[in-house]
Amino acid sequence: MTTSPTPSQAADRNLSPVARFLKATEIDTRLLGMVGALLLIWIGFHLFGVAFKGAGSFLTPRNLWNLSVQTASIGIMATGMVLVIVTRHIDLSVGSVLGFCAMAMGILQARILPDVFGLGSPMIWIVTALAGMALGMLIGAFHGWLIAYRGIPAFIVTLGGLLVWRGAAFLLARGETISPLDSTFSLLGGGPYGSVGAVGSWIVALIACAAILWMIFGGRKNRARHGFALRPMWAEYFLTVLGCGLVLGATLLVNAYPWPKGIVTQFAAANGLTVPEGGMFISHGWAIPVLILMGVGVVMTVLATRTRFGRYVFAIGGNPDAAELSGINTKWMTVKIFALMGFLTGLSSVVASARLNSATNALGTLDELYVIAAAVIGGTSLAGGVGTIYGAIIGALVMQSLQTGMVLIGFDAALQNIVVGTVLVLAVYLDIVYRKKTK
């Protein structure tokens, strides 16, 4: 007895092997395109160094570790910018808000909290970080209120915010740079002491692999329970091996970057250790700001795809009028979205100022452009309704890779701006072409 193939199976036979593979694994083709572009950038800059400088310096544990740390601040804000752009708004103020929050935190921890809690108290960094995030959230909520309840376009409100908060940051400290910051607070910015080391990194990797297993096979159970189509088992195993392989490979990479010799010597002296003649190898491991970015990415992905809030965001972006007629309070949602954007900007200011161990007037300058570019390169449509959190993080990594690569090969700042602007325009154009072809 033979059974005739279903219409779906018959259609699959007409697809190419690559198309059948992508359909079975449900891998986003745009994600593949972004990853491919990222790899081309990395390999291209490395080969340029080999050809013209005698040695490539891009694909090294040191550079890739630093690249991940430098991406964290922009990546955190880009996850929030996705929701802002999805709802057909824009936020041009994030760089200035970051600078203002950083300056406020600098003054708080350098001039006020030591008198309250005592110099070196662990409460200083906790209160400072919470205050920075709360301040950012309040500013974002205020912007959202002006946009939603006073009818001022988001472009105008946030353009005004760009100027207002940059000026406010200057006035707050009278143009001074606040440095150094609390020593514990500075660990949130990375560095040898701001990393979790080899053992901590492997623990993080094992937790991440367990989460991948839970998401893939837990998701399969949910699909089966609700009667949805299931991926072939080989596809589930392939995605599991791929995800865990990437996590373990990245962990090997960050553990391959050792502490500088001078810091190792200081650490050994402070802890009564003897440094062998051949030196002591201490791994950086995952940097704290990168772990913060990973955590934000997971939380924002769940928020955008698994909650009522996320469904409302994409409903508003798809058709604001229909969303309002269906009972969604679009004005209040706008306030919440901008408040969330402000909160993430405050968190980003914690990471950025901690990495520099100072609050400067220039901190966050032009960050709004890099954040918007990261979201757009990651597949967020400026027309609204479409965007992914992981795409924005990869977009941030692409932008930072371009900047880092151009610095390594000696491009000046003016040429870097030309390249970044060109990439942004090209990304929007490719997005338009892609959407026309998929309609």
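Each Cβ is built from the backbone N, Cα and C atoms, and glycine gets one as well.
Any TrEMBL annotation is an automated prediction that lacks curation.
Feature annotations, courtesy of TrEMBL:
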TRANSMEM  31-52  transmembrane segment
TRANSMEM  64-85  transmembrane segment
TRANSMEM  92-112  transmembrane segment
TRANSMEM  124-147  transmembrane segment
TRANSMEM  154-173  transmembrane segment
TRANSMEM  193-217  transmembrane segment
TRANSMEM  237-257  transmembrane segment
TRANSMEM  286-304  transmembrane segment
TRANSMEM  337-357  transmembrane segment
TRANSMEM  369-399  transmembrane segment
TRANSMEM  406-430  transmembrane segment
Do any residues, 6 or more residues outside the transmembrane segment (369-399), come within under 8 Å Cβ-to-Cβ of it, and if so which ones?
28, 30-31, 34-35, 37-38, 41, 67, 71, 74-75, 77-79, 81-83, 85-88, 90, 92, 94-95, 293, 297, 300-301, 304, 314, 317-319, 420, 423-424, 427-428, 431, 435
Mind pulling out the one from 64-85, 92-112, 286-304, 406-430 with the most Cβ pairs under 8 angstroms to the transmembrane segment (31-52)?
406-430
Do we see three or more Cβ pairs under 8 Å linking the transmembrane segment (154-173) and the transmembrane segment (406-430), pairs being at least 6 apart in sequence?
no
Any contact between the transmembrane segment (286-304) and the transmembrane segment (64-85), i.e. 3 or more CB pairs below 8 Å with pairs at least 6 residues apart?
yes
For the transmembrane segment (92-112) against the transmembrane segment (337-357), do we get 3 or more Cβ-Cβ pairs below 8 Å once near-sequence pairs (under 6 apart) are dropped?
yes
Outside the transmembrane segment (124-147), six or more residues from its ends: residues with CB under 8 Å to it
89, 91, 93, 97-98, 100-102, 104-105, 108-109, 113-114, 117, 153-154, 157-158, 161, 165, 182, 184-185, 188, 334-347, 349-350
So if I exclude everything within five residues of the ends of the transmembrane segment (64-85), which remaining residues of that chain have a CB under 8 angstroms from its CBs? That is, six or more out.
91, 94, 98, 154, 189-190, 253-254, 257, 284, 287, 289-290, 292-293, 296-297, 300, 304, 313, 337-338, 340-341, 343-345, 347-348, 351-352, 355, 367, 370-372, 374-376, 378, 380-382, 384, 387-389, 391-393, 395-397, 399-401, 403-404
Checking distant contacts: for the transmembrane segment (337-357), what same-chain residues at least six beyond its ends satisfy Cβ-Cβ under 8 A?
69, 72-74, 76-77, 79-81, 83-84, 87, 89, 91, 94, 97-99, 101-102, 105-106, 128-129, 132-141, 143-144, 147, 179-181, 185-191, 194, 289, 292, 296, 313, 363-364
